[in-house]
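K.L.:
After the structure tokens below, expect a handful of questions from me.
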Amino acid sequence: MLEQGLLVTAGVAFLISVALSPLFIPFLRKLKFGQSIRDEGPKSHQKKSGTPTMGGIVIYVSMMVTTLIMAIKFNNLGAEVSLLLLVTFGYGLIGFLDDYIKVVKKRNLGLTSKQKLIGQLVIAIAFFLIGKGQAFHTYIMIPGTDVKFELGWAYFVLVLFMLIGGSNAVNLTDGLDGLLSGTAAIAFGAFSIIAVAQEQFGVAIFCMAVVGAVLGFLVFNANPAKVFMGDTGSLALGGAIAAVAILLKQELLLVIIGGVFVAETLSVIIQVISFKTTGKRVFKMSPLHHHYELCGWSEWRVVVTFWSVGFLLAVLGIYIGVWM
């Protein structure tokens, strides 16, 4: 019965997202909340300048409303769901402030790196202090085995790294129409299956609400995008998926299921290190999706390829996390 409820959860979130987006997009246009495009980016992206951004608000509202309704209905509104909503709201708020400064204050870089990091740290610390011993414990498990390693307070550092790193990695992936919406839906879908296998139905409800919300948003975010989620959406999704992995004790498996996000981040790190040490670039441009664009791939081809890779990694992650 609850498994059917998960499909209903995704369906409800999808419908709310699809219903809200056509109302919210004109509102963003009226406020002139348009995306600015970097001059150093691919030339084909210049035509996207002015496309409404901060659409992540639609994802958040759709996900939050659906999660609360379904979690209450199935009596699963516990510490885990509360923590997930806290992290999603906190990182979404940081993203909102970042977007707001960009589009209203006309400061292209938004929040400073220091301001953003402080905000991310505060949310991550709150997550750890509230959840430790209640929603999760301080050990990690080797995926596909019963082997566990107690980390003690070193787990605190891991939580900070995962939440901050996860939010930034997902944020880097949001560079092409529909890219993040699709890969996020796939990753959260994979974790929902693992959550069901662990009988963590509150986490599963949250994951399926996210799946429905981002797929509904994808209807308007697919190429050519009518709206972007902005940092409001990408930082929230990144923090949320890291929190889900922590609550499911699948910290290491996040590297596989979130492999697309990891690859995007590594491409930036490699590019920076290479340029600073040798003066040469490994990629034509980073993050990785822009490299393939500059190699002559169409935007849609890059997106579908990354979705496909994300799907294969998700299947591998489910196999390791459930059947091994």
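Numbers here mean position along the shown chain, with the first residue as 1.
Using the three backbone atoms N, Cα and C, a Cβ is placed for every residue, glycine included.
The structure displayed is predicted, hence computed values, not measured ones.
For 5-25, 52-72, 77-97, 122-142, 149-169, 176-196, 201-221, 227-247, 253-273, 302-322, the entry in Swiss-Prot reads transmembrane segment.
I'd like these features described in context: how deep, what's nearby, how far apart.
P.N.:
Packing against the transmembrane segment (176-196) from elsewhere in the chain are residues 3, 6, 170, 203-204, 207-208, 210-211, 214-215, 217-218, 221-225, 229, 233-234, 237, 240-241, 244-245, 248, 250, 253, 257-258, 260-261, 289, 293, 299, 302-303, 306-307, 310-311, 314-315, 317-318, 321-322: each is 6 or more residues past its ends and has a CB under 8 Å from a CB in it.
Panel annotation: around the transmembrane segment (227-247), residues 21, 24-25, 28, 35, 51-57, 59-60, 80, 83-84, 87-92, 94-96, 98-99, 110, 120, 123, 127, 131, 135-136, 159, 162-163, 165-171, 173-174, 180-181, 184, 187-188, 191, 195, 200, 203, 206-207, 210, 214, 217, 220-221, 253-254, 257-258, 261 of the same chain, lying at least six beyond its termini, place a Cβ under 8 Å from a Cβ of the stretch.
Here the transmembrane segment (253-273) has Cβ contacts under 8 Å with residues 143, 162, 165-166, 168-170, 172-173, 183, 187, 190-191, 194, 238, 241-242, 245, 281-283, 286-289, 291, 306, 309-310, 313-314, 316-317, 320-321 of the same chain, all six or more residues outside its ends.
Remote same-chain partners of the transmembrane segment (302-322), defined as residues 6 or more beyond its termini with a Cβ less than 8 Å from a stretch Cβ, comprise 143-144, 176-179, 182-183, 186-187, 189-190, 193-194, 197, 223, 248, 250, 253, 256-257, 259-260, 289, 292-293.
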K.L.:
Counting Cβ pairs under 8 Å that are 6 or more apart in sequence, does the total for the transmembrane segment (201-221) and the transmembrane segment (122-142) reach three or more?
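P.N.:
These two segments do not touch.
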K.L.:
Could you tell me whether the transmembrane segment (122-142) and the transmembrane segment (77-97) have 3+ CB pairs under 8 A, leaving out pairs under 6 positions apart?
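P.N.:
Counting Cβ pairs under 8 Å (6 or more apart in sequence), the transmembrane segment (77-97) reaches the transmembrane segment (122-142), since there are 3 or more.
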